[in-house]
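Input: a single structure, listed below in structure tokens.
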Amino acid sequence: PSPSSAGQAPNPPDGGWGWVVVFGAFISIGFAYAFPKGIAIFFKEIQDFFGTSYGEIAWISSIMLATTYGAGPISSILVNRYGSRPVVIFGGLLCGIGMVSAAFCTSILQLYICVGFITGFGLALNLQPSVIIIGKYFLKRRPIANGLAMAGSPVMLCTLAPLNQFLFDNFGWRGSFLILGAILLHCCVAGALFRPIGATTATIKNQAIEEGKETPKEEVTKDDMEMSSPTNIPMETKTEEEGEKDCCEKINQYLDFSLFKHRGFLIYLIGNVLMFLGFFAPIVFLAPYAKHIGIDEYSAALLLSILAIVDMIARPTTGIIANSKWVRPRIQYFFSFAIAFNGACHLLCPLASGYTGLVVYSVFFGLAFGMVCAMLFETLMDLVGAARFTSAVGLVTIAECCTILLGPPIGGTLIDTFGDYKYMFIKCGAVMVLAGTFLFIMNYYNYRMLAKEEKERKAKEEDPKLLRTENEGRNNWNKEASQDGPELEPLREEQGLKKEVNGT
């Protein structure tokens with residue numbers, strides 16, 4: 001950094017090396033989302049090899065998805081402590097080890113452990129850090145960056161489907177798992193691209209101390225405290241007092257449980273937990289439903305390819321739209337519409353009796369699915385702000401893993417009970433429409449409350465009885481900011497009152 005920038009935390013560059021980081025996140029997020037779906041091509045041979053039922057085999061993907069989401073808090077703690085780069089590299093190693101070990105499994109239980117838990121945990125260490133570091137590199141262009149990174153999921157799904165079929169035909173499921181383990185090591189390369197944006201913290205600190213004449217001593221101390229906060233890339237975080245803290249205090253240092261008092265966060269959490277009850281089941285049962293109505297296997301598989309291609313286009317396009325000046329100030333409404341639109345597609349799916357109808361359904365489903373995924377994390381950061389986003393991602397994913405794990409089995413139970421797939425699609429559609437409606441109504445209430453609270457704050461600041469001196473008024477503002485900070489963050493960001501420290 002130049003001498004003039006000494007003592008100041010780096011701002012999000014909104015470009016430059018950030019686009020390389022987006023490419024790395026594209027790979028990591030793509031594997032995290034697409035791999036549990038693409039691996040299903042081996043299930044039939046594994047089922048015959050071990051003599052198990054389809055339900056037992058399907059638990060492999062369910063356990064992997066649930067572990068990927070459920071390990072969110074652990075991933076967030078590791079990112080806060082060590083940074084995104086080492087966490088993603090370690091996650092890539094775990095993915096490779098899990099798949100290579102799975103090639104030597106002799107029971108379905110061992111596959112649950114190697115593929116479900118070990119590989120799933122490795123994918124969790126790829127997902128959260130990739131989303132978090134984009135928030136540190138981008139501010140103005142963050143929706144576009146998130147949309148491009150999230151496009152990795154459909155791209156990887158389109159790539160893994162034919163690749164897995166090729167590997168299966170030539171090497172069987174054991175040989176394929178060995179090769180896939182090696183392919184997943186590319187996540188380590190993606191993690192190496194995640195250069196810490198706060199890596200020059202120590203240099204800035206030393207320069208600020210050397211230029212003590214130009215920089216007041218109190219200001220340097222304040223900057224040092226802000227830069228060493230647990231929400232940033234830590235340089236030297238161990239102190240003597242830390243050893244005296246109990247376990248709960250240490251966990252709370254990295255996971256901000258005060259978010260459960262945050263109105264916007266609670267609205268987002270409830271809506272998303274409800275949404276995931278019907279989010280993944282339609283993808284899992286789309287090809288079986290096509291076969292059920294008499295469509296051949298290759299045409300049924302093509303429906304997933306059509307869905308993935310449309311999804312691939314929809315995610316960056318949604319990011320561009322969400323970044324526009326008309327949509328971004330009220331991006332929560334756009335997110336609510338995308339969820340309700342997704343549910344409406346599922347409700348209309350039973351009307352598609354032929355292959356042409358399923359193709360149309362796949363196109364609209366891919367569009368709606370891409371819209372939701374592109375804004376899934378952007379809307380959360382819009383609510384809680386970049387400073388608390390790391391903790392928010394961890395807390396949200398641990399809550400979502402339960403409904404992610406239960407969604408497909410509940411859909412399968414409905415199919416077994418009624419002998420018809422339409423009840424599964426109706427259930428998923430109704431749940432998602434309900435979730436979208438809930439988020440729309442509650443976000444409208446949240447925006448109204450934020451405007452009211454901001455108006456009351458301005459009224460207090462303008463009252464001469466409350467502001468006797470300039471210093472006293474400054475203290476009142478700091479006190480109110482510490483109490484309500486994240487609730488008013490979207491408004492402060494628009495007014496230019498938000499201070500960026502290491503991208504937070």
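Quick reminder: no glycine exception, Cβ is built from N, Cα and C everywhere.
Source: prediction; values computed, not measured.
Per TrEMBL, compositional bias 'Basic and acidic residues' is recorded for 211-225 (among others).
What TrEMBL records for 455-473 (among others) is compositional bias 'Basic and acidic residues'.
Marked as compositional bias 'Basic and acidic residues' by TrEMBL: 489-504 (among others).
Summarised as a single figure, the pLDDT of the domain 'Major facilitator superfamily (MFS) profile' (18-447) averages 79. Residues annotated as domain 'Major facilitator superfamily (MFS) profile' in TrEMBL: 18-447.
What TrEMBL records for 211-242 (among others) is region 'Disordered'.
Annotation source TrEMBL lists region 'Disordered' at 455-504 (among others).
If you look up TrEMBL, you'll see 16-36 (among others) marked as transmembrane segment.
The transmembrane segment annotation in TrEMBL covers 57-78 (among others).
Among the features that TrEMBL reports, transmembrane segment is placed at 90-123 (among others).
Residues or ranges marked as transmembrane segment by TrEMBL: 144-163 (among others).
Per TrEMBL, the feature transmembrane segment maps to 175-194 (among others).
Taken from TrEMBL, the feature transmembrane segment applies to 265-286 (among others).
Here TrEMBL flags 298-314 (among others) as transmembrane segment.
Annotation source TrEMBL lists transmembrane segment at 334-353 (among others). Below 8 angstroms of C-beta separation, residues 271, 275, 278-279, 282, 293, 318, 321-322, 327, 360-361, 364-365, 368-369, 371-372, 375, 379, 421-422, 425-426, 428-437, 439-440, 443 of the same chain, each at least six residues beyond the ends of the transmembrane segment (334-353), sit close to that stretch.
Sequence annotations record features per position, and here TrEMBL assigns transmembrane segment to 359-377 (among others).
What TrEMBL records for 389-411 (among others) is transmembrane segment. Packing against the transmembrane segment (389-411) from elsewhere in the chain are residues 55, 58, 62-63, 65-77, 79-80, 124, 128, 131-132, 135, 231, 254-257, 259-260, 265, 268-269, 272-274, 276-281, 284-285, 377, 380-381, 383, 424, 427-428, 504: each is 6 or more residues past its ends and has a CB under 8 Å from a CB in it.
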Contact yes or no, the transmembrane segment (175-194) and the transmembrane segment (57-78), 3+ Cβ pairs under 8 Å, gap 6+: no
Six or more residues beyond either end and a Cβ under 8 Å away: which residues meet both conditions relative to the transmembrane segment (265-286)? 37, 58, 61, 65, 259, 300, 303-304, 307, 336, 339, 342-343, 346, 349, 358, 362, 365, 369, 372, 376, 379-380, 383-384, 392, 395-396, 399-400, 402-404, 406-408, 410-412, 415, 421, 424-425, 427-432, 434-436, 438-439, 442-443, 446, 486
